[in-house]
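Copied from TrEMBL, the annotated features are:
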TRANSMEM  106-124  transmembrane segment
TRANSMEM  133-158  transmembrane segment
TRANSMEM  178-199  transmembrane segment
TRANSMEM  206-226  transmembrane segment
TRANSMEM  232-254  transmembrane segment
TRANSMEM  266-288  transmembrane segment
TRANSMEM  314-340  transmembrane segment
């Protein structure tokens, strides 16, 4: 291996590691040749060896780099072409986190957390209910649900690698950052941990929510006979509606109501309203999510509503559904027997509808 040095830099191979030294001046580049990456035979020219600073009288198998009165000891070992670079390791760690962040589909994570939080507080009847017991129950539900969410979105990516290369090339499996084996390991691990947590918590509503979500998420994505329901627009929309509008609302409410508070099953007016409202929203989610994916879906035979009806028509259908949902929400809020509830609910809904319309 040949090394080149300029008049202001020193390149020495101690285990293949190169350090620069500003005050070293050499007559020509041809004077220095590194023959072997070996701690005992680093430099071929004795002239260069004289420029090395000895450490405690030892042979310079350990190189010292002196600059601004600072010393750095460098281990020179054969077969180690590069030194430890903490900055590179930090970048690698950040890249790994970023890849997992994209793999987990953060918008689904945020939606899951907010849905569970909001429906859990529907079970609160008095101020004393707001206690560490409530927050422990919410935390159990959120963690278990997020693990199952990662399984579902991960399995979908494993089943759609070729489609995502067209529609979402930034996803780790589509971009090649993750191998298929890595994806399988992640989804298997998170599904097992989700079921394990649901089992040890001992809440049947929570466990059944995880189980039904697992079954529907698998049937939605996996490419097996009679499955891969995402190929059929209506069935795909029903899967999303079942999970987001029914399971998340009712099952997690019952988890807090029966398991945490130990109260009997009761379907309250707010719960019914939340379920109905999220039914509209879930249909919109099912339709909206396929609008930007029309190119890949056409190529691979996914008959989404955006493919069959057109993107523009689906878009305005979604807007109409949102307007209907907000109109119903305003009516329900305005008919509340509590003045504060009327003011807060109507104000928030009007603000949210205005944001969505814009």
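Quick reminder: no glycine exception, Cβ is built from N, Cα and C everywhere.
Counting Cβ pairs under 8 Å that are 6 or more residues apart, the transmembrane segment (106-124) and the transmembrane segment (314-340) reach fewer than 3 and are not in contact. When each of the listed stretches 133-158, 178-199, 206-226, 232-254, 314-340 is scored by C-beta pairs under 8 angstroms to the transmembrane segment (266-288), 232-254 comes out highest. Taking Cβ pairs closer than 8 Å, the transmembrane segment (232-254) reaches residues 111-112, 115-116, 119-120, 122-123, 141, 145, 205-206, 208-209, 212-213, 216-217, 219-220, 265, 267, 271, 274-275, 278-279, 281-283, 285-287, 303-305, 308 in its own chain, all 6 or more past its ends. Packing against the transmembrane segment (206-226) from elsewhere in the chain are residues 140-141, 144-145, 148, 151-152, 155-156, 158-160, 191, 194-195, 198-199, 236, 239, 242-243, 247-248, 251-252, 255, 259: each is 6 or more residues past its ends and has a CB under 8 Å from a CB in it. Beyond the ends of the transmembrane segment (133-158), by six or more residues, the same chain brings 103-105, 108-109, 112-113, 116-117, 120, 124, 164, 171-174, 180, 183-184, 186-187, 190-191, 193-194, 197-198, 201, 203, 206, 209-210, 213-214, 217-218, 220-222, 230, 248, 252, 255-256, 259-261 to within a C-beta distance below 8 angstroms of the stretch.
If one looks beyond the transmembrane segment (314-340) by at least 6 residues along the same chain, the residues whose Cβ comes under 8 Å of a Cβ in the stretch are 273, 276-277, 280-281, 283-284, 287-288, 290-291, 305-306, 346, 349-350, 352-353, 356-357.
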